[in-house]
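Down below is the structure, laid out as structure tokens.
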Ligand SMILES: Cc1cc2nc3c(=O)[nH]c(=O)nc-3n(C[C@H](O)[C@H](O)[C@H](O)COP(=O)(O)OP(=O)(O)OC[C@H]3O[C@@H](n4cnc5c(N)ncnc54)[C@H](O)[C@@H]3O)c2cc1C
Ligand SMILES: Cc1cc2nc3c(=O)[nH]c(=O)nc-3n(C[C@H](O)[C@H](O)[C@H](O)COP(=O)(O)OP(=O)(O)OC[C@H]3O[C@@H](n4cnc5c(N)ncnc54)[C@H](O)[C@@H]3O)c2cc1C
Ligand SMILES: Cc1cc2nc3c(=O)[nH]c(=O)nc-3n(C[C@H](O)[C@H](O)[C@H](O)COP(=O)(O)O)c2cc1C
Ligand SMILES: Cc1cc2nc3c(=O)[nH]c(=O)nc-3n(C[C@H](O)[C@H](O)[C@H](O)COP(=O)(O)O)c2cc1C
Ligand code: FES
Ligand code: FES
């Protein structure tokens, strides 16, 4: 893990939607960031004011430039602090951590459906790039609350069909991602998803037993499996069986763990 | 007090000695900073990491430019934080606070002896300027630990005779300020002093009953007289009699309070 | 601004925010910054029968997100407070909560009897929990029976409602709260400071001359919230909540935990405008929470259904 | 590096720094970052007789300069620890302090009897103070007589020295410490977490699924120092000090307060290299303090004269 811990330098910080920022960082640990769906555990504050690290997904990587992109919503105290980091500042980052989306599960020629909700959209971008690179057809369904929350629509469109939904109908289709899947009758060989738990629950019911993978969120302490903050129960396991989202996840096959 | 509270902007931050910095700030509250020996209560951290304000003396003021200078030693966590403030940043400052050195007590033609020890030297500079402006002859005795700790020697020299002492003899006379006073047989009509308590104790014994004024230090909470953190006892007063260093001081006539 | 109003025994508050005892002197210092009438109430510094000098200095030390204090109840004494401090409030229209302390039960009774007859005193706050006073204080604060007895004695002589300020340095805060409620307390103030210390690694000695001091500020907020949450579900008297409050959002958290109003201590030192700023921001918070009045929020983290008025 | 050595019952430590129980799992995660042999000792996660799932999530929340946790003693159970976790330490030369917990006295005795016979267990740490376990734990932790009885029973079956981990959520920490010392404890660990809570103002509900959780991190350091300062002057057994330690300077403060060695908890999450960094920096601190060995510092804030070895 020594090669997954260190300082990264801020290359750019760009607001990409209301309260949402794209942060590009550069440094040697980026060399390890090959798997989409993994996350970084970010120290947002060098003092003890905000003590805990924040888990943020890898949204994109440029291995040649040793640059990684995160997209995050500045909602609470820590992400708001993160939004103040300017070009040139250095940021203490642990990662890549966890098990990402299994790119292997999609074969060249397969259709992969990527379903993202809000701030669950970012990790799907790096995934889409890798899938397209190996000849998988990517269709993306991206759900946001409102027009002002949308980011990366064009970026995804360069990689395949994109269906955007907004809860208030201010852009794209009005409704939820599942409405778009139904409406457009989107069929696929494999599903990858990240987003709010209610969305993942619906997808779990629909895709149970299929090739389908979801990425979960939970509040974390250590981020590396030592503190047991982030566990979830195993579906149909013994009462004490569990998975750690930080090390066994955040991506799990649909149906493996209890949502 | 509304006119003594607000944001000041950093004009410059300059290292003037080992661990010592000169910080120039600009803003409208500087208009109130007319009395030498008063202090500013500085919020060194906008977060809650370092909660308490730091009291720092006014070292110089340019009323025309609305600029105030502080000189401080970056010793602990807060002053080290302060040393990271760069030009253009704004700093939350309360002040001027407290009762400064009584310039009135020296008349044109008088000789005023200014005795400063270490980080007690800064407030004497603004005092020296005001005294010289009204025709008082200023002699300054400035004591430091070592050569590398000395600052503002030349600045004082422009205002009158200067005698520097260092404990290790690396510059000026070896020894303490009192050694210089004895050696040079410095006589004066009025004494003003600021520095470590042992030094002030010796001066108190020597100048008791004379026109002599000393500036005290104590850990503070509120800085405005509300919390009773900074009290000292009154010499020969009732057991419960006290003075607050933040509002009744920091400057007191020699012999008024117990050191 | 009736949305912010909170009516508590003796304290008809325009809004739920008061400065905490010991952190606001007797008001005159902060009156230089803003009009004290903006406040919901004012808790003034502890009064003891005789003038007290308090502890030797240093009396404060900084800790992460907090501070320690060991002032030692310095105050001008009962006569001094009545003659010099209380008359200042003649010009204001803001309820005063007079904090009282002492070394013996007789001390408390003496101060309570006299101070509660003052027209500028609307309620008493029994400081049974000051961790910085060597004798007295601490014992009252950690033994339910003694606290109850003190409450009963003070209630017997007081002309105004009595709030008991609880110490957090106890194994069972609910037992303490119930004991003083049973003894007739009209309300509770919680929490006082946690007992702590710092050591100067250079001198190798405690930073505070008193060795130990009371920990206050954001560091103790989670402990305060927990205790208020526990106690408010078990008593029928209102709670003045405090411990690390810095912002309007903190106030909401305390009200949700079960406090009926709040006191702001340490934050005044960081920003003298903390109280008025919070008061200004509260209506906006009510809007965001889709609440009409402050009283609807009280206990919202544990109440089943919204209550429309404060029953106690 | 003999300057850093500390010899405590069962724990021959190369240096006075160990990770705290529950904050380091069973070591394997941090072994990815540095060689565990660098540590003075390792306190492993609490073991209960049966595997436990623990509390529902969210299990952690952030507070100013601190965090709350309500893990709920999740662990693989006695058999799991013995079969899967302990053998990993075969490859290391570092003493293991095995934290044990349970809901009943029988639980503790069962785990103590069995775990203390394992070659990779050098001492036991009785967690009588976990604030997150609804039944059991807390009662042991706040009543001196019960804590003493538990200590006695565990001592009777344990093959290795027994440290009792005290809860800070008590009125009289000295009484607790003396009770367990009298009952035969070989050492004390202090402090465990303070019971606290946070409320999410948007959902109006407690952030932790368990409502309350244990407060750890820099916020609690002053409380830990105070308790260690009080207790170390009153007992003759060594104290493993913990609560908010982040740096070598913090370690010095704890040793001066009276701890014989320290444990680092929450700081591991902030910086996984906290322990080795502190260990690296300690010799420099000894130089600055003009001290030869770590043991000279112990209790330095209250001892009259320098002691050259640890008498207890
Ligand atoms: C594996 C993983 C990947 C994530 N990827 C992204 C991403 O790419 N972009 C993005 O915007 N967000 C992402 N999140 C959510 C992100 O971690 C939270 O939004 C963030 O931690 C909130 O911090 P804050 O400072 O805004 O809030 P605060 O309320 O100040 O946070 C307080 C504490 O709670 C934790 N916390 C609060 N909300 C969440 C949450 N929803 N999930 C986990 N921890 C939380 C914080 O980490 C912190 O420890 C991801 C979460 C996980 C677990
Ligand atoms: C009226 C007055 C004027 C002062 N003027 C100057 C000046 O011009 N230049 C200068 O360098 N210093 C001055 N000092 C001392 C200065 O306040 C302290 O050096 C500074 O507060 C230390 O803060 P820190 O962050 O370095 O230390 P920390 O140890 O992090 O401070 C922790 C807490 O202790 C307080 N504290 C620590 N040491 C002192 C001290 N010696 N005096 C008062 N409070 C202390 C801090 O204010 C803070 O609240 C003055 C003090 C007073 C009372
Ligand atoms: C400097 C200082 C002095 C205090 N003096 C008193 C006092 O005289 N009486 C009292 O009941 N509480 C006193 N307190 C406790 C506060 O009223 C309050 O309960 C505590 O500080 C927690 O609130 P805070 O975190 O907002 O400061 C004092 C606190 C501080 C910081
Ligand atoms: C996530 C977490 C889990 C913990 N689990 C245990 C435990 O299983 N047994 C125990 O005795 N203490 C446990 N503790 C308490 C720590 O060992 C330590 O006493 C406390 O956190 C104070 O130290 P710190 O401030 O350095 O974290 C836990 C603490 C945390 C933060
Ligand atoms: S965050 Fe610590 S185990 Fe997952
Ligand atoms: S610092 Fe508060 S009274 Fe002086």
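Glycine is treated like the rest: Cβ placed from N, Cα and C.
Copied over from TrEMBL:
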type	residues	note
ACT_SITE	C:130	active site, nucleophile
BINDING	C:21, C:45, C:46, C:99, C:127, C:165, C:191, C:217, C:243, C:244, C:265, C:266	FMN binding site
BINDING	C:45, C:69, C:70, C:71, C:72, C:73, C:127, C:192, C:193	substrate binding site
DOMAIN	C:4-286	domain 'Dihydroorotate dehydrogenase catalytic'
Other Cβ atoms within 10 Å is the metric here; tell me which of the binding-site residues C:46, C:191 scores highest.
C:191
If you count other Cβ atoms within 10 Å of each one's Cβ, which of the binding-site residues C:72, C:243 has the most?
C:243
Segment confidence, the domain 'Dihydroorotate dehydrogenase catalytic' (C:4-286), expressed as mean pLDDT
95
What remains of the binding-site residues C:191, C:243, C:265 once a 10 Å Cα-Cα cut-off to residue C:45 (substrate binding site) is applied is none
Local Cβ density at residue C:70 (substrate binding site) - other Cβ atoms counted within 10 Å
29
Within 10 Å of residue C:243 (FMN binding site) (Cα basis), scanning binding-site residues C:70, C:72, C:193, I find C:193
Below 8 Å Cβ to Cβ and six or more residues apart, same chain only. Which residues does that give for residue C:265 (FMN binding site)?
C:19, C:20, C:21, C:22, C:23, C:216, C:217, C:242, C:243, C:245
At the level of the C-alpha atoms, what whole-angstrom distance separates residue C:127 (FMN binding site) and residue C:70 (substrate binding site)?
15
C-alpha spacing of residue C:46 (FMN binding site) relative to residue C:193 (substrate binding site), in angstrom
14
Counting across all protein chains shown, how many other Cβ atoms sit within 10 Å of the Cβ of residue C:45 (substrate binding site)?
25
What whole-number Å value do you get for the CA-CA distance of residue C:72 (substrate binding site) and residue C:46 (FMN binding site)?
10
Compute the C-alpha separation of residue C:70 (substrate binding site) from residue C:46 (FMN binding site), stating it in Å without decimals.
13
